[in-house]
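Noted in TrEMBL for the protein shown:
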type	residues	note
DOMAIN	2-126	domain 'VOC'
BINDING	Glu56, His74, Glu122	Zn(2+) binding site
ACT_SITE	Glu122	active site, proton donor/acceptor
Amino acid sequence: MRLLHTMLRVNNLEKSIEFYCDVLGMKLLRKKDFPGGKFTLAFVGYGDELNHTVLELTYNWDTDKYDLGNAYGHIALGVDDIYSTCEKIKEQGGKVTREPGPMKHGSTVIAFIEDPNGYKVELIELKSDNSSLEKKVAANTN
């Protein structure tokens, strides 16, 4: 078993695709309209769906706004240089809601951004003195 995708409902599909592809560097893997159900699905990610977990962006044609609720936390992306990544995101009009810095009660360097729909995305710096992603994940779960 493996995780295939995470689905996010979006208000503006084109703006969302632009954010995830142009700002965060993902690729549009596929997009399909479902006229009978009045929705469009777009799948974006950093690699093909056979080998990578991707995001499914769902646009319901007759829905203007979604309540994001209070149960959703965030998705997380690993980045090599969190400071320059946040600067690039800001230069492209993205919203950084927590500037890069060590996480509370830890040393892992993180930042938070928001996508055009208000969903939170955590950025985690992958390079450090300890360097491996496995060590960082273990440190965050203790």
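Each Cβ is built from the backbone N, Cα and C atoms, and glycine gets one as well.
TrEMBL entries are annotated by machine, without manual review.
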Checklist entry - What same-chain residues, at least 6 away in sequence, bring their CB to under 8 Å of the CB of Glu56 (Zn(2+) binding site)? => result His5, Thr6, Met7, Leu8, Leu41, Ala42, Phe43
Checklist outcome for this item: Glu122 (Zn(2+) binding site), Cβ-centred 10 Å count of other Cβ atoms over all protein chains shown, is 16
Checklist entry - How does the model score the domain 'VOC' (2-126) in terms of mean pLDDT? => result 95
Checklist entry - Taking the Cβ of His74 (Zn(2+) binding site) as reference, which residues of that chain separated by at least 6 in sequence fall under 8 Å from it? => result Phe112, Tyr119, Lys120, Val121, Glu122
